[in-house]
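Student: According to TrEMBL, the signal peptide annotation covers 1-20. Sequence annotations record features per position, and here TrEMBL assigns transmembrane segment to 51-69, 184-207, 227-248, 260-280, 350-371, 391-416, 428-447, 459-478.
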Amino acid sequence: MKAVILRALPLLLLPAMAQAATEELGTAVTGLVYQLMGVVFYSIPLGESSIPVIVLWLIGGALFCTIRFKFLQFRSLRLAWRLVRGDFNDPRAPGEVTHFQALTSALSVTVGLGNISGVAIAIAIGGPGAVFWMIVAGFLGMATKFAECTLGVKYRTVHADGTVSGGPMHYIRQGFADKGLPRLGLFLAGFIALAIMLASFVSTNMYQVNQVYAQVVSVTGGEQGFIGSNGWLFGLAIALMVGIIVAGGMQSIARTTEKLVPVMAIIYVSASLVVLAVNYDRVPAAFGTIIEAAFSLDSVSGGIWGAITQGFIRAMISSEAGMGTAAIAHATAKTRYPAAEGYVALLEPFIDTVIICTMTALVIVVTGTYTQEGLNGVALTSSAYATVLPWFPVVLAVCLFLFAFSTILVACYYGLKASGMLFGNGRLVKGLYLGTFLMLTVAGAMVQLDLIVNLMDTLVVLICIPNIIGLVMLSSVIRDERRRFLAQVAREDARPLAGRAELKAAADSVRK
């Protein structure tokens, strides 16, 4: 207890430090962000509209994985479900957490504000047609996620104490070395580790706090209320809780997320179904609007290219397919077969984008709130749900808090692993990273959304560039691991039922 108190004491200095950081952020970083955006989001003119080169890059990477692995996302949901429920668990396999815990840890980052505010932003900028392309991106992203997390386990490092390090920076460095390109692999691994570390500070930390704080303020008396005038206190409370849980490592995080993720998903999906049930007569028209707008050449909202751009960008930010970050969590799974965790991971874009994001989008479209001026992000989503459930803004505030909190927990772990790759795993490095992360958690409640969203988009794109290069270069490794695992599945299915039951019982006893 004393150790926890001593660790928490430095957090009392965070409000003042965060305030100073916020002022510096607003003046020094803004110009750099817009310069980077001009390079990263360079667009190719297409008639009266245009499309960023990076969107074509994301589409190309997802299509490559889909074709290379024979459209496995459309044929593997049953196998993925069997893995999640523990049919092939091996309690003696190296790793830290179960398949289910790895899935919920990764989902705690993806099932978050991207499903609520990200969808609203996509519709506000790209129109209802962005929803169609978001769903397409979700299906394609399932193959990308399979590839990333297969490599995450294949090239992970199991330390002497049993803890695991993995992720895109590991599989790019080691995989390229195996291909005879150690220098290129080291450069790309360092680049992606730096981008992941910076993204953990901003997109999965400050952005989360910023959005949940805005919703909490709206239901607790506005800016004149106690919370509205004390943003630093709200950020400090989250920072304290995050610091305590993250100190326990991946197993502590996994135990938390395996409880939070199902609860928050059920609450949010249930509320969405209520709104859609009340507006059931408008649902067919909403689908018609989405499909028509998806292929519209109207210059409003950028036409078809604007819809594609927003759909793919927001789906990628929400599901993280193409970023490789989920491989950091999935690398900790107890398994001897890398492709097994790849199959588990492909469920993430399906749950996150195809199901939950689509529900949010349908609610916004059927209620027509996207046509109202002055609404964006969480405010737009909240307004849509409130048309049927006047008390929903309060429920949304609770959901947002759970989403944001679980996301921040795992994001901090991702950033710690990235910083360890760059600077080593010493106590000083961990302490400096954690201190900076928690300071920015507090600052997230005190900065403008525009800057955070722009910086978030830029960092996500920077991560995707070297990661997709790695997936293409190492696709033969993924293919071989998939074949090896499917052969093992065939052998397991051929075993007598009693033998399989004994293996499952042993795995269940270890979990208990």
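Glycine residues also receive a Cβ, built from the backbone N, Cα and C atoms like all the rest.
Please treat TrEMBL annotations as automatic predictions, because they have not gone through curation.
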Student: Counting only residues 6 or more past its boundaries, what in the same chain has a CB within less than 8 Å of a CB in the transmembrane segment (459-478)?
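Tutor: Residues packing against the transmembrane segment (459-478) from afar: 40-41, 54, 57-58, 60-61, 64-65, 68-69, 144, 146-148, 150-151, 154, 168, 171-172, 175-176, 179, 188-189, 191-192, 195-196, 198-199, 202-203, 313, 316-317, 322-325, 339, 342.
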Student: At least three Cβ pairs under 8 Å linking the transmembrane segment (391-416) and the transmembrane segment (51-69), pairs spaced 6 or more in sequence?
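Tutor: Result for the transmembrane segment (391-416) with the transmembrane segment (51-69) is no.
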Student: Could you tell me what the rest of the chain brings near the transmembrane segment (260-280), counting residues at least six beyond its ends with Cβ under 8 Å?
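Tutor: Residues 104, 107-108, 111, 115-116, 351, 355-356, 359-360, 362-363, 366-367, 384-385, 387-389, 392, 395-396, 398-399, 402-403, 405-406 contact the transmembrane segment (260-280) from elsewhere in the chain.
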Student: With pairs restricted to those 6 or more apart in sequence, evaluate whether the transmembrane segment (184-207) and the transmembrane segment (350-371) have 3+ C-beta pairs under 8 Å.
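Tutor: Answer no: the transmembrane segment (184-207) and the transmembrane segment (350-371) share fewer than 3 Cβ pairs below 8 Å.
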